Amino acid sequence: LAQMVEIERIDLVCEVNNTDHHTLQNSVDRLIVRRGQPFTITLHLRPGTHFQNGDNINFIAQTGPIPSVEAQTKAKFSLSRFISRSSWSATAETSDSTVSLTVCSHPNAPIGVYKLMLDQGEGIGLGEFVLLFNPWCKQDSVYLASEAEREEYVLSQDGLIYRGIPKHITVLPWTFGQFEPGILDICLQILDESPNYISDAALDCSERRNPVYVTRVLGAMINSLGDKGVLVGNWSDDHEDGVKPTVWKDSCSILQQWSNDGCRAVRYGQCWVFAAVACTVSRALGIPCRVVTNYGSARDSNGDLVMERFYNEFDENIANDSIWNFHVWVENWMTRPDLALGYEGWQASDPTPQHRSEGVLCCGPAPVRAIKEGELTFKYDVPFMYAEVNADVVELVKMGGSTTEVGKSNSTKAVGRDEREDITHNYKYPEGSQEERRVYEKVNHHNKLAQAGEEPGFHIKIKVTPDMQIGSDFDVYAELKNNTMVTKSCRVMFYGQAVSYNGKLGETCGLGGKVTLRLEYAEYSKAINQDRMIKLVALLIDAETRDFYRAKKTIILDGPEIIVNILGVPKVGQNLVADLALQNPLPEPLENCVFTIHGANLTDGKPITHEVGTVGPKEFVTAKVQFTPKLPGQRKILIDFASDKLHNVETYENLVIYE
């Protein structure tokens with residue numbers, strides 16, 4: 001018979017446990033632990049009560065609204081002599097009237113908020129704890145062996161997101177902020193607002209033991225289409241009723257707004273914002289995650305893996321398949337017991353709403369290796385991800401396919417360094433290699449590699465100068481080559497057109513029939529948007545045969561540089577000052593100028609803004625912004641400048657904060 005135990009008070013020893021479980025950055029006053037790893041709490045017993053190992057004392061740990069042993073959302077276990085690594089278990093050490101109770105969860109238990117109870121006929125509550133995935137535990141399906149990788153992909157609260165084009169890759173510093181106050185609760189709230197939970201909470205809570213399932217739910221919930229998801233996508237130029245996607249610099253503001261606003265979707269996001277928020281939520285729940293950029297991403301709307309592009313003479317693309325200048329998604333690290341061996345590791349998921357998977361707008365997780373090997377039947381959404389990095393581009397101006405425009409320079413932040421790591425080789429075999437074509441044949445592609453005929457006798461190429469800063473006027477050149485034996489008379493059309501990152505064209509900002517095209521600020525300033533991209537197209541038309549040849553190039557105009565000095569002693573609780581300066585590169589004034597700084601554990605969970613008004617042409621603007629570090633360690637402070645005519649100017653500084 002179980003004896004009655006009377007408890008006076010309970011100490012969850014949060015600081016010690018959370019330190020052991022790598023969750024101390026979350027909180028010191030709430031117990032947050034990881035699967036398959038023991039934690040110890042202290043029970044202070046009433047005088048005259050005692051218990052010891054071997055006594056018939058039973059516990060219950062349960063999660064979700066309908067806990068059940070069959071669904072693994074409820075565990076019953078008794079005191080044992082040893083901690084088990086393969087089931088829920090508990091041991092006790094007694095001295096006088098205190099008991100140190102050590103509890104260890106099953107390494108495959110569902111994540112979520114748990115109640116721990118002493119089972120004495122009626123349950124006596126011992127306390128609540130949050131259980132997360134555990135990349136430090138070998139038995140956990142998200143186990144990651146390298147400590148440096150766990151630091152980067154689970155614990156790091158800031159990172160770098162790559163944008164731009166392969167020849168001009170730009171860096172956006174981002175604060176993920178997964179341990180900022182309140183963020184973990186919002187991440188759990190996202191799971192509770194999903195259609196899966198609303199339609200069958202018992203099953204949904206049980207499935208939360210599986211990171212493949214959780215990643216899939218997040219993929220659907222980060223975008224707002226079809227559910228109460230976090231973000232609305234907007235690729236137009238009209239953001240009147242919300243925030244322009246390029247204004248966001250951190251995930252916490254978005255998650256807090258969603259939660260505070262009764263789970264109304266936040267307006268607006270584009271691909272890197274969806275991916276950054278997905279990365280925050282994944283890391284918060286304990287799934288290793290990284291943000292990946294793919295340049296020249298194909299979106300294959302009819303699923304035949306050929307991107308058909310129909311052109312009229314100017315570059316208006318009239319087909320529905322689009323090639324984005326870049327596209328950003330996430331990779332999560334986990335095993336895939338549902339697939340053949342060898343497909344564990346990084347899984348690609350795309351939270352940007354563009355593809356219906358099993359009826360829901362989400363995409364992935366797709367094993368990166370399956371994408372590389374062209375295993376289109378593997379779950380989930382491998383064909384779509386494969387097309388994003390591989391689909392042959394068929395231009396119906398001149399026939400013959402080429403994949404080099406799609407899936408270039410796949411980039412993510414390197415582990416422990418502020419440098420770009422190229423991971424294209426994880427997604428595809430080298431362009432033109434036998435393996436690449438073998439994979440391509442495997443996916444039934446009948447595009448003929450060999451182009452009919454020899455190299456055409458005419459060549460046209462676009463050349464640019466290295467210094468193309470916004471605000472300046474500059475020349476770009478079309479270089480013509482006639483390799484035929486005869487003199488040709490031909491017409492050249494050369495123009496620049498504003499373009500945004502997802503390949504959508506704006507207004508024309510320069511047109512010429514000559515071989516030099518002058519791009520003047522007075523003209524292009526009316527056309528370009530905050531991406532500062534201009535697409536150059538040169539057409540060479542043979543007057544006699546009417547054949548034409550085209551060359552194209554996307555250029556990005558350089559923005560000005562923010563000069564940063566951090567003043568003060570970098571210690572916890574001591575005020576620091578970010579001393580900032582920037583020169584207006586434009587020949588006209590900037591209005592409504594604002595500097596914003598933010599950083600995890602540096603700016604109290606939200607950005608600090610500093611308005612500086614109007615800055616004249618070519619003038620310097622300066623600001624001093626104060627902030628107070630809250631926790632020690634390696635930190636990034638992110639600095640952003642915005643105004644009416646110039647936005648998306650950002651930089652960052654690394655700081656080491658001491659106790």
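Every residue, even glycine, has its Cβ placed from backbone N, Cα and C.
What you are looking at is a predicted structure, and each value in this text was computed from that prediction instead of being measured.
Pulled from TrEMBL, these are the features on record:
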type	residues	note
DOMAIN	263-353	domain 'Transglutaminase-like'
ACT_SITE	Cys271	active site
ACT_SITE	His327	active site
ACT_SITE	Asp350	active site
BINDING	Asn390, Asp392, Glu431, Glu436	Ca(2+) binding site
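Checking Cα-Cα distances from Asp350 (active site) against the recorded positions (Cys271, Glu431, Glu436) with a 10 Å cut-off leaves Cys271, in sequence order. For the pair Cys271 (active site) and Glu436 (Ca(2+) binding site), the Cα-Cα distance reads 27 Å. Fewest Cβ neighbours within 10 Å among the recorded positions Asp350, Glu431: this applies to Glu431. In the predicted model, residues of the domain 'Transglutaminase-like' (263-353) average a pLDDT of 78. Counting every protein chain shown, the number of other Cβ atoms lying within 10 Å of the Cβ of His327 (active site) is 28.
Taking a C-beta cut-off of under 8 Å and a sequence gap of six or more, Glu436 (Ca(2+) binding site) has these contacts in its own chain: Lys428, Tyr429, Pro430. Counting every protein chain shown, the Cβ of Cys271 (active site) has 27 other Cβ atoms within 10 Å.
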